Structures are given as C-alpha cells and as structure tokens.
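Copied over from Swiss-Prot:
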{"type": "BINDING", "residues": "ASP43, ARG44, ASN45, TYR76, ARG310", "note": "AMP binding site"}
{"type": "MOD_RES", "residues": "ALA2", "note": "N-acetylalanine"}
{"type": "MOD_RES", "residues": "SER15", "note": "phosphoserine"}
{"type": "MOD_RES", "residues": "LYS364", "note": "N6-succinyllysine"}
{"type": "MOD_RES", "residues": "LYS470", "note": "N6-acetyllysine"}
{"type": "MOD_RES", "residues": "SER524", "note": "phosphoserine"}
{"type": "MOD_RES", "residues": "SER527", "note": "phosphoserine"}
{"type": "MOD_RES", "residues": "SER561", "note": "phosphoserine"}
{"type": "MOD_RES", "residues": "SER639", "note": "phosphoserine"}
{"type": "MOD_RES", "residues": "LYS681", "note": "N6-(pyridoxal phosphate)lysine"}
{"type": "MOD_RES", "residues": "LYS796", "note": "N6-acetyllysine"}
{"type": "SITE", "residues": "CYS109", "note": "site 'Involved in the association of subunits'"}
{"type": "SITE", "residues": "CYS143", "note": "site 'Involved in the association of subunits'"}
{"type": "SITE", "residues": "TYR156", "note": "site 'May be involved in allosteric control'"}
Amino acid sequence: MAKPLTDQEKRRQISIRGIVGVENVAELKKGFNRHLHFTLVKDRNVATPRDYYFALAHTVRDHLVGRWIRTQQHYYDKCPKRVYYLSLEFYMGRTLQNTMINLGLQNACDEAIYQLGLDMEELEEIEEDAGLGNGGLGRLAACFLDSMATLGLAAYGYGIRYEYGIFNQKIREGWQVEEADDWLRHGNPWEKARPEFMLPVHFYGRVEHTQTGTKWVDTQVVLALPYDTPVPGYMNNTVNTMRLWSARAPNDFNLQDFNVGDYIQAVLDRNLAENISRVLYPNDNFFEGKELRLKQEYFVVAATLQDVIRRFKASKFGSKDGMGTVFDAFPDQVAIQLNDTHPALAIPELMRIFVDIEKLPWAKAWEITKKTFAYTNHTVLPEALERWPVELVEKLLPRHLEIIYEINQKHLDRIVALFPKDISRMRRMSLIEEEGGKRINMAHLCIVGCHAVNGVAKIHSDIVKTQVFKDFSELEPDKFQNKTNGITPRRWLLLCNPGLADLIAEKIGEDYVKDLSQLTKLHSFVSDDIFLREIAKVKQENKLKFSQFLEKEYKVKINPSSMFDVHVKRIHEYKRQLLNCLHVITMYNRIKKDPKKFFVPRTVIIGGKAAPGYHMAKMIIKLITSVAEVVNNDPMVGSKLKVIFLENYRVSLAEKVIPATDLSEQISTAGTEASGTGNMKFMLNGALTIGTMDGANVEMAEEAGEENLFIFGMRVDDVAALDKKGYEAKEYYEALPELKLVIDQIDNGFFSPNQPDLFKDIINMLFYHDRFKVFADYEAYVKCQEKVSQLYMNQKAWNTMVLKNIAASGKFSSDRTIKEYAKDIWNMEPSDLKISLSNESSNGVSANGK
C-alpha cells in the first residue's frame, strides 16, 4: 500500500515551482548525462558529487542560453532605454536553485535528479557562494538585478570579478579568523568570458594641453576582461547580463626594454596589474584611502563607460554628423545608477570622454552627464563617507583631478552667485575639503554630477535631506528622493521557504510571486485557525530542519520548540550586537537566580563577520562566544537558554536560518541604519521583529501596525536630545541593578576566567566612547523582550501576529523598489512582454505573457 503523502509532498503537487512534464524530465536527464560525458569527461564510475553538480549546472544553463541570446537580440532590435547599475559589490550567493525557479524547471530537475539516483540537496550544497559583497549593499544589488530582469527592463549590472570574495570566517577559540575565499578554484559554470570585448584602462601618466585639446599621455595600461553571468527574470524568458571585469596585464607590460632589464621579473610584475581584481575590500564603515581600492573604483568605471558608449554608438541613436557621434540622445537611451559613492569617478570619466575624446563643448558634456547619472546614498555615518586625498588622485588620475576642479569651480561660482556673503556655506558645499589635507568628497561629487539622489528608506532620506546634505537639498530640493529598499521574493520566499510559498499560493494563487502587494489578501485569514496552524507547522518544520543542521555543524543540541531569537548581520557597534549580548547575560542571571521559575526557552543565534581591521567588532564576537561557552555548559540552565554564534554567515546560510526564525533582532541606534533588508526577509518569512524606530523598521511598523512589532527604545529625536544633554553611561549603570551586575561580570572576568581583563576595551568603550548608547536603551529592550516571551506562550496570538506581518510585507519587494526607480529616476517603463524563443514566433516577442 502506498505511503500517505506528507504535508510538504501534498503542497508540492500544487507547487508554484513548475509542472513536471515527462518530456522535460527525460530531456534533463539526457542533458545531464551528455554534460557528464562530453563537458566533464567522466562516467558514473569515477564522477564525484562535484562533477554531478557541474553536470546539472551546465544542463540548466543550456535552458538559459537561448533565452539569453533572444533577450539581447530583442534589445538590439527594439532599442529600449538601457539602465546600467554600477556597483563595487554584487552579493549573489548561489545560482543553481534560483535559476531553476526562475525558469520554472525546479520540479522537473528534482524529478530528473531523483530518477538518476542522486540527492538534489547535496548537489545544491556543493555550489560556492559568489560572495562578491560585504552585506546589505551588495545583496541589494543582487536583488535589484533579479527584479530588473523580472520586470523586463533592459538592465546590466557592472562590477568587478574579484578572485577572492568576502573572506571565510572561522571561529577558533572564540576569535574570528579570516581565510581567503577562493570561490573560483573549482571553476564557475555560470560565467562566460568575453575576451573579444577586452578594453584598456589607463592609470598614472600626465596631462598635455595643446591647441587641439587635452590629452592624457604616458599612462600605464591595464586590460579589463569581461565575464558575463546570465540574470534570468521570473518566468518571462528575459535573461539580462551581469558583466564583471577582471584585470589583465597587457602583453608588453614592463617588457618594452627587457633586453636591458630582467625579463623574468617583468613577467612576474604582471601580477601588480592583475592585483586590481584580486580581492574584495571588507567594509567596516570606516573609510581608508587605499591606492588599490581607488584603482578598483576607477577600473570598473573606465571599462564600463567604454562598453556603454560602444553599445550606444552601435544603436540607431548613435548617429554621426561630419564631426563624429551625436550624443544628444544619450540620456534618453542610457541611465546609470551609482550604488553608493564607490563608482563616483564615472562622473569625471564620462566628462573626460565627452570633452577630450568626443570633442563636445564643456557645457553640452556636463548637461548630458548630469541627465545620465543618479546616485544612491547608503550611509549616514560620517566616518564611512569616501574622501580621497587630492595628491593620490593627482598621481593616479591626473586628468580626472583637473576635471573635478573644473566641476567644483563652476559649482562654487553658482553658490557665490546665490549666497554672496555665505563663505561657510561655500566651504561646506565644496567638492574639495581643505581641513587636514586636501580631500575630494565623493558624495558631494555625486550630488553635483547627478540629476537624482536617493536614500533607501523614508527616515534615512529625511536625514539625508535635513542633516547630512542639508545645504544641497536647500539648493536643489527636487533632486532628493526616497526609494525604500526591497528584497526579491523569488530567492527570499520561493527558494528559501517553499513550504510557506506553496501554502500562500493555496490561499491566494500564484500571482503574488510577481506582485507581492497581493499578500494583503492574507488579512482575510487572520481568524482562520486551521490556516494559522498550517503556518505554525511550516515554521516548526523549518526550525526542526535548522536545528538538525546546527547539531551537525556545531555539535550543539538545541530545543526546536524553543523560541529562535536571531541576530544576523555584519558585526558593527551601530548594529548593537552588544545590546543583545547584555540581554543574554541578563536572562542567564535570572535563570541562575531562580532556577525553578518558569522561563520561556530561547535559542539565541548571532552571526556576522567583523571587518579584519575592526578591533571592537572582533572583541564583540569574542564576548558573544565566551558568553555562549558559559551559558551552554551550565547544567542549571539546560535547554532553557542556548547561545549559538553562526560561523561564516553568508547568503546560503541566511537562506537556512531566516525561514526558521521566530524573533528578528533589528536593534540599531535610531538614525544609524539607512534601511536594512534583513528585517524585510524575516518579516516575509513569518518572524516577528524586535527593533528600534530606525531604517525600514519604521515603514514595516507603518504597514503592519506598530502593535504588530516589538518596538522599543529611543527615537531619532530622543537620540539627538540625549546628545545635546550629554550621554552619561554611568548614570544608567548606577540606576539599573541588572545592568550593573552584567557589566561587572564582564569586567571581572566571569566570562574569561583565564584572562579577567580580556574585555576591558569593551567596558571602556561602553562607559566613555559609546556613540551608539547601548546602556540608554538597555532597560526598554529588556522589558520589550519580556513582552516577546509573554506573547510566545500564547501561540495563537503569536501566529496571528505572524500572519499580519506576512500580509503586510508586500511593500518590501524589490520589484516595487525597481518600478519606482524606473518611473521617477530612469524614465523607463517595465514590460510584461514575454520574449518568445526563436521557434515560437518570427518577431521574437509575444504579448500577454504568451
């Protein structure tokens, strides 16, 4: 007799991840075996699991390439406006499963792999994360690429193909240790090298001014070799391109006079040129003016703009008169979005191309340049803003410095004309800062050189307008906009939480995957006890799966019915992992004080990387791991409280932990987190949020109702008032006995008995240099956590609140964000045309998604 189907299997029969056709499965198996034999040159006797992963990846890629080519043909034929998303980071994660979902192949692939006697999950786990980003900024770029393809926009992501991505984090004896992320060592089946589009990038040299114009001469040349990765939209046959540049030394690099020099040394020196794309810089929100980093920023910009102009000239809009290309139509055909200030050199570089090479008059070139560029600001922390030393720019990019000076002069002339007596305003608004050595303020360059500037959440955009760039918004108020960040529901629901995705589809249909606002329909089920129980059941399945993963990876046995309290993001003082840690110790002390008292069991999971040079962040990790050591080994605590530090947090680990989370920690000091996107991922996956009124938390509370989040602590105005009054940490320490006990324990070596003064730097910072005011929010945070525990005991009330949050999360789709960018900044129209494959029609496009 057949076994009864599990809930998961029943749901898969009506899954939104594609219908399994017998032909599909047979074709996939055939493709798999073909690649195993002809691409990998293996048979089943000698093939390894990695070979099977590669065979599957190539098979899936076969289904991409036709769509990829048709998409590019369609863009060439129709000449739509194109948007270029310039970012030094693209935190893509893994590609295989996301591609299967977006092509509607997942169930067919699952079935084919099952019939081949292999384990799909095992194959998916073999793929390396493409960790070409630090955190939110790079992951946002990845979500945006998915949305741009899904919305049918002619979009390109441009960045650097780092040989080493964000470091792998190991925890040894409680300390973070960094290891290189050699993510390409086994090869990457998703990329295609395009040596035919290799381009020269110039550095150093000098500037010659002649009668005929200005020339940048005697430069060192590095070649930029593009690698293309396909970016499939969801079920629309659109496949866009992410083009990442790799640095190569030219053949004659340092060899011009090797006869009199050292040929071997000259060849070895080629590494110097190729170092440009060697490694991603870890971000600690603290700007350091490193020459190699500036080279990276110019490298991506120079290669990309040559590519953009080549593509424009090849289109019907790149018309020529007797003098050369006419660029009047350029801003109507090209939009370039700068993801933070890292690609800001694109502004003087485009001016250099227009003025020096294409011989446009300055005023004309400037008008076109401004209309082309837009800038997204991602941080309000002043120490994080890029300010490059003038002498470094002068050495590396002498012509660009001249252009920046010229831009600044014209900008300041305008300020003087408008505010003739306001010298301090002129100094504040200059692109060149004079204090402590001349520096170029890259954010000011972006604001002056772009037609639109946006923040990434309402509260952040307000701070940008009224505080950080107040002078500029007074000058051009219409330039400043808000575009609240979003996340792609394909990866952050369908891929990572298929149980919940299918459950939602049962109730409201499948269209929500491309229109997340439809989740509001779930509001009508908040009183449906059966549905609430099903949602709770999916959460429990995810928790069970994750607890098995934790036991396997960390050898810690946890209680899967405990509350999973999760805090995963970069380790930084402003994100306040320390506040969470103080609460953990407080809970520990309460259990020890009264072991018989009922305590709502919790598993506190903290994860994230500290930048290698950021001492305080590394100390915070050591404190968390030391506290975990004590708590997890105390028999009196047992399964009531467990603390896990998640090693090497990355996209593929986020996909596991987020669906299993009950409580999401979003506790930055109000006014410091620009937006956050982790908060949105947790909300969509049925976790409740404990957080401050900061970043996108504010809008999450607006959407779901503040009563459906656990909001605590100071608001932005309270923080400002406390700054004005003067923050005295000691006052809180003296007034709050539980806080005093916790701090004394850390200070006297309770968590580091072999090194009692191990955490003196943390204690010293908390008392005397804490810009993020941990003590000021401690009491409110602990009280709010008590409310969380209380509600968790009432599972029906908890699950009702969960459903209200899921139903309110539709705003936070990156599809909505990208539609706003397209309408308000890029002047582009999303398209719901489904590009037909060549055998479907002659004109290459079918309407109505057919």
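Note: Cβ is positioned from N, Cα and C throughout, glycine not excepted.
For CYS143 (site 'Involved in the association of subunits'), the nearest neighbour among the recorded positions TYR156, LYS364, LYS470, SER639, judged by Cα separation, is TYR156. The record assigns ASP43, ARG44, ASN45, TYR76, ARG310 to the AMP binding site, and the maximum Cα to Cα distance across that set is 49 Å.
TYR76 (AMP binding site) counts 13 other C-beta atoms within 10 Å of its own C-beta, drawing on all protein chains shown. When the Cα of SER639 (phosphoserine) is compared against those of the recorded positions ARG44, ASN45, TYR156, SER561, the shortest separation belongs to SER561. When the Cα of LYS470 (N6-acetyllysine) is compared against those of the recorded positions ASP43, TYR76, CYS109, SER561, the shortest separation belongs to TYR76.
Distance from the CA of SER527 (phosphoserine) to the CA of ARG310 (AMP binding site) is 59 Å. The recorded positions recorded for this entry are ASN45, TYR76, CYS109, and the Cα of CYS109 lies nearest to that of SER524 (phosphoserine).
Cα-Cα distance from ASN45 (AMP binding site) to LYS681 (N6-(pyridoxal phosphate)lysine): 42 Å (rounded to the nearest whole number). Of the listed recorded positions, namely ASN45, SER527, SER561, SER639, the sparsest Cβ surroundings within 10 Å are found at ASN45.
Spatially, by CA atoms, the modified residues LYS364, SER527, LYS796 include one closest to ARG44 (AMP binding site), and that is LYS796.
For TYR156 (site 'May be involved in allosteric control'), the same-chain residues 6+ apart in sequence whose C-beta sits under 8 angstroms from its C-beta are ARG82, VAL83, TYR84, TYR85, ASN240, THR241, MET242, ARG243. The recorded positions shown are ASP43, TYR76, CYS109, LYS364, LYS796; of these, the one with its CA atom nearest the CA of SER561 (phosphoserine) is LYS796. When the modified residues SER527, LYS681, LYS796 are ranked by how far their Cα is from the Cα of ASP43 (AMP binding site), LYS681 comes first.
Between the C-alpha atoms of CYS109 (site 'Involved in the association of subunits') and LYS681 (N6-(pyridoxal phosphate)lysine), the distance comes to 26 Å.
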